[in-house]
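Please read the structure below before turning to the comments.
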């Protein structure tokens, strides 16, 4: 058998993941249960939450803490369905979920290069148009209005759209269209996704997957303007969560 070089555990002292501030700072040593659940995340989401080559499990490193926390709540409480995630989270309390979200949000690790184009030039142009301008005639806002001018997300709770695979983006928009993914009401993403045709989903997913991630890839501060749609998962700028 060929030899395999030993790799550090995701939470070993050799791992760069531990260069991020501990979400349990000030609480003593990280409890083994919490550490084991962070390690369980990396089994699917890749070392340090960078994602895996297949692209099916998305990157979670560097996403906004509030976004990650809301997704963990959604999986645990049944608004979002994936059996493995539900099983992993079903017995975890809010504090533990918050700690996991804070841990991965603090990681700042490189992104892989974007995917090569998997669509025609005309379809990519249409995808870029939907992302940057939306489709006012159908009430579809531009992705940049909420996800930021650079599409790297907006604090406190809107995720970036770059560094995700075409297949993952397709699957999530498809899940919203079909009612298999939901967020806190009013569910703005469900409203947007249900207004998209299947061709629109394919076009914007293909274009997003080909875009490089900018050097400064952290989520931007919330825009001063209001979101184009009411969104239970992301209160309007300047407003607290109800």
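Keep in mind that glycine also has a Cβ here, set from the backbone N, Cα and C atoms.
Among the ranges 1-26, 27-52, the one that TrEMBL lists as region 'Disordered' is 1-26. For the domain 'Cytochrome c' (122-212), the model's average pLDDT works out to 95.
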